């Protein structure tokens, strides 16, 4: 089947749904597609399609990050539905890293829960610049005062994590009732999208910098070759261009023979696009998640760096005990965990400390077991046993 060309006539914005498990993120995502489909601005998708993670569906948990697309009057959106369950924070980090803004879904029946807080913290860590709150399941709460209390609580919570809690729009919605076609609740979905259009700033694309895409997934297409998927972080890539594969193993050169987005062919992919790149002469085994595709000669992999790190408090889901020099966690860099060692540290004011306590801010020297495309100013998470225990930024490359 010939694939249609992707029309690029509106600004493109990446957003997603975040929030506590069972607060209705996936239902709301389905409701947005359904309401916008009535105006011809989306293809309606039902809950099961978006929730398409068969291996975990039985337990009612969404694992995989689902991608949907839709348009409003002024924008084209790519929307990721991020899993809510704490076990899938790893996916949340890769998903949230792809967001220019997020819709924080909070059930009016419950208010803020543990993962609501965890996701707000993660949004802060991975640099999600703006949030809009969807107060969901409002059809189930008769008492207007109750809804107002939940709204106040959410605003205070956002402010405590350095988001502008007083200014962030809070829209009362019911994903379920909107899907069922109740006109008043459909209007609320329109209100939500109006708030998203107005409050999530159009991202400044990094289009003029050298091309870089972190690889999220790799698969083979019979008769065509190997495809690497991911979000283009910066720059642009055109069909026929030579790119380097950097990180984990020795750097290799390849040619991009195809660029696809939402199953449509493009002449080029640019910063902010979620694309699949077809690579010449590369086997599926040659590349893996965590490597990056970059403009030839623009980046070299490193193993040693200095970073500024905030170590999460116990209450934020961090460690309960201190750690010492020589500590070996995972460093979550772009799309993958890399084992490393914190070889030395001082407190953030430069004074010597013997150990690092949960809640501390430190300057640290880290050394990775495999070379990765790390850069100054880049953010990373420090993780242990599948949970985030620290958030940091690379302050200096050593080697």
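Positions of Cβ are set from backbone N, Cα and C atoms, glycine also.
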Swiss-Prot tags one of 128-131, 132-135, 136-139 as region 'G4' - which one?
136-139
Annotated region 'G3' segment (source Swiss-Prot; candidates 77-80, 81-84, 85-88):
81-84
Quick one: average pLDDT across the domain 'tr-type G' (10-204), no decimals.
84
Rounded to a whole number, how many Å is the Cα of residue 138 (GTP binding site) away from the Cα of residue 26 (Mg(2+) binding site)?
16
Secondary structure tally of the region 'G4' (136-139) (DSSP, helix then strand then coil):
2 helix, 1 strand, 1 coil
With H, G and I counted as helix, E and B as strand and the rest as coil, say where DSSP puts residue 19 (GTP binding site).
strand
